[in-house]
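Trainee: This structure is in structure tokens; I'll ask about it shortly.
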Amino acid sequence: PTQCDNWVRTSNGGHFASPNYPNMYPPNQECIYILEAAPRQRIELTFDEPYYIEPSFECRFDHLEVRDGPFGFSPLINRYCGLKSPALIRSTGRFMWIKFISDEELEGKGFQAKYSFIPDPDFTYLGGILNPIPDCQFELSGADGIVRSSQVEQEGKTKPGQAVDCIWTIKATPNAKIYMRFLDYQMEHSNECKRNFVAVYDGSSSIENLKAKFCSTVANDVTLQTGTGVVRMWADEGSRLSRFRMLFTSFVDPPCSGNTYFCHSNMCINNSLVCNGIQNCAYPWDENHCREKKKTGLFEQITKTHGTIIGITTGIVLVLLVISILVQVKQPRKKVMACKTAFNKTGFQEVFDPPHYELFSLRDKEISADLADLSEELENYQKLRRPSTASRCIHDHHCGSQASSIKQSRTNLSSMELPFRNDFAQPQPMK
């Protein structure tokens, strides 16, 4: 918000005026004033004399615009111009938004307004105002950090059922600015800024340093131009479920020095914030090219004590194994002699080799010799039996039958013809 003249503030209120008051205000001016009361209070606005703003139909030219709330789109109370000062103006909440506009011609003396704070009748009970909200302030600093509403309950700053009015003051590193990004944000009564909001200030908690105020369902990133930021959360008794969690990062403007990282968004952050698992840049350049961290395995989860015990046990087992191997090597071995049976080459060959047959003939030398000896014996034997046999056959017609009745002997072999003679060559005539 812009401010066109000195602004006096006290604990009970203050006053402000148009530029050059009580002299003529300059042309082409646009001044905005935002009044903020403490929780459970309202604002009363009165105007001093003299008062003069260029009169016009529906105050279309120079005018003073007053709205019931902290924004330019808050409900309009009225527009004021002319010679007569406005009557008492009272807000319905903690904020009042005021804008003064002058065109290029017909200037006047302007105005001077006084504001004061009164108790909010919605938070009164029989006997006076409710107990004041306890002090709830926190301080953070460094290259980055987390601002979270859960800290209020964890440190017991407020009791359940009480309203919350807490302030976090953030200090950046030297010569740095502050970038803020919401990680979690939820408003129980959204768009009811009088009861529930998160405000961000740039430099101090003064109303003119209000940078952004969030009371709807969405909260945007905020970039501060100073090294001091103030975050304020207000939630009445019926809005205690509201919560937020905000990441702040200290940064400097480019060019980046040796110990900073360029975020590609007109900001340089400390190198220690790169690849830390948190997006500190406005865009995730600081985390895009980082190696993915593997999930902790079984062996990585083992503590140092367990690892030592397992290492000692493994060493003992290995030593015992080496000792057993050495004992087995040095122990004398019993030699067992096995007698091998003689290898029967002939039988082996008869089994595995096919039978081999050879043709023979009576002309073989050994057979011929045996037959020669046999024929010689037969011849001698016939000479001895020839006389008796011949005489007997003359008188006996059954000589042939007698001869056949006698057992076959070697004498018959001389007159027999072998049946396989036809299969072989003719033998030599016997002597």
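Every residue number used here counts from 1 along the chain in the order it is shown.
Heads up, the Cβ atoms here are built off N, Cα and C, so glycines get one too.
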Trainee: With reference to TrEMBL, which of the candidate residues Cys256, Cys263, Cys275 participates in the disulphide bond with Cys268?
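Mentor: Looking through Cys256, Cys263, Cys275, the record in TrEMBL gives Cys256 as the partner of Cys268.
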Trainee: Which one, Cys31, Cys59, is listed by TrEMBL as the other cysteine in the disulfide with Cys4?
Mentor: Cys31
Trainee: Cys4, Cys281: which of these disulfide-bonded residues has the highest Cβ count within 10 Å of its own Cβ?
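Mentor: Per the Cβ count within 10 Å, the most buried is Cys281.
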Trainee: I need the least crowded one of these disulfide-bonded residues (Cys256, Cys263, Cys290), counting other C-beta atoms within 10 angstroms of each C-beta.
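Mentor: Sparsest of the disulfide-bonded residues Cys256, Cys263, Cys290 by Cβ contacts within 10 Å: Cys290.
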Trainee: So for Cys275 (disulfide bond), how many other CB atoms are inside 10 Å of its CB?
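Mentor: So the number of other Cβ atoms within 10 Å of Cys275 (disulfide bond) is 15.
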